[in-house]
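Peer 1: Please see the structure below; I have some questions.
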Amino acid sequence: MMSAATVHTVLGVVGNVIALVRYLSPVPTFYHIWKNGGSVERYSAAPYLATLLNCMLWMLYGLPAVQPGHSDLAIIAISATGIATQCSHITIFLAFSSAGRRRLIGLILVATVAVVGAVAALVLSLAHTHGSRAMIVGLIMVVFGTGMYASPLTVMEMVIQTKSVEYMPLFLSITLLLINSICWTAYALVLRFDLYLSIANGLGVIFSVAQLILYAVYYKSTLRIIEARNAGPSSATATAAVSH
């Protein structure tokens, strides 16, 4: 039987692998953007900006300056990977968005870096024990992590209005988010109980399940809408009338 330490290590490795695949899962979406003339259409940059903020906070949380008596290499490793991949995704949005949308994304990106920098400076200078630093960063991480998991809610609202999941993140990425959240929740419960890690990823489980349910509900209507659109304007109008 494996020891708790071994299980903890295995969960960290598996969590890193799943998270990496999840971070790379939007690649087909960006290929679609490139193939369609470089237009981001109605795709949203919000999930990638929120994930970048979350990864930067996780990076801070895992550092030895914050963690009491140790650094969490599993969290540091996947946070660094997440920062790199999200910066790549956001760069594509900056390249293929309209001027107005590009400015908005750029402002949010600058604000994100500024917020994390301010949090790091204040926590490291004002909180003098590892326990207090971990608590402060952990609470902030839970708040902003909720924002990351809730960011697809804007897309979910559009799905309900249009009865189409065409512009919702890929089914694969939602499934990977669920598996990844379950894995990291287990990681937080084994060996050393981590309250903040377990809360953040528990929320990830809830939001990903909600997205999967929505995807299942509107998947068939999406196929009908796309089929009608490809068939011509008159068919698209008829299908829209039926769907309403």
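Note that the numbers count up from 1, one per residue, in the order the chain is shown.
Placement of Cβ uses the backbone N, Cα and C atoms for every residue, glycine included.
Okay, these came from TrEMBL:
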TRANSMEM  6-24  transmembrane segment
TRANSMEM  45-61  transmembrane segment
TRANSMEM  73-97  transmembrane segment
TRANSMEM  104-128  transmembrane segment
TRANSMEM  134-155  transmembrane segment
TRANSMEM  167-189  transmembrane segment
TRANSMEM  195-219  transmembrane segment
Peer 1: What stretch of 6-24, 104-128, 195-219 shows the most Cβ pairs under 8 Å to the transmembrane segment (73-97)?
Peer 2: 6-24
Peer 1: So which residues does the transmembrane segment (195-219) touch in its own chain, when a touch means Cβ under 8 Å and the partner is 6 or more beyond its ends?
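Peer 2: Apart from its flanks, the transmembrane segment (195-219) reaches 61, 75, 134, 138-139, 141-142, 145-146, 149-150, 152, 156, 159-160, 163-165, 168-169, 171, 174-175, 177-178, 180-182, 184-185, 187-189.
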Peer 1: So what's near the transmembrane segment (6-24) in sequence-distant terms, Cβ-Cβ under 8 Å and 6+ beyond its ends?
Peer 2: 51, 73-74, 77-78, 81-82, 85-86, 173, 176-177, 179-180, 183-184, 186-187, 190-192
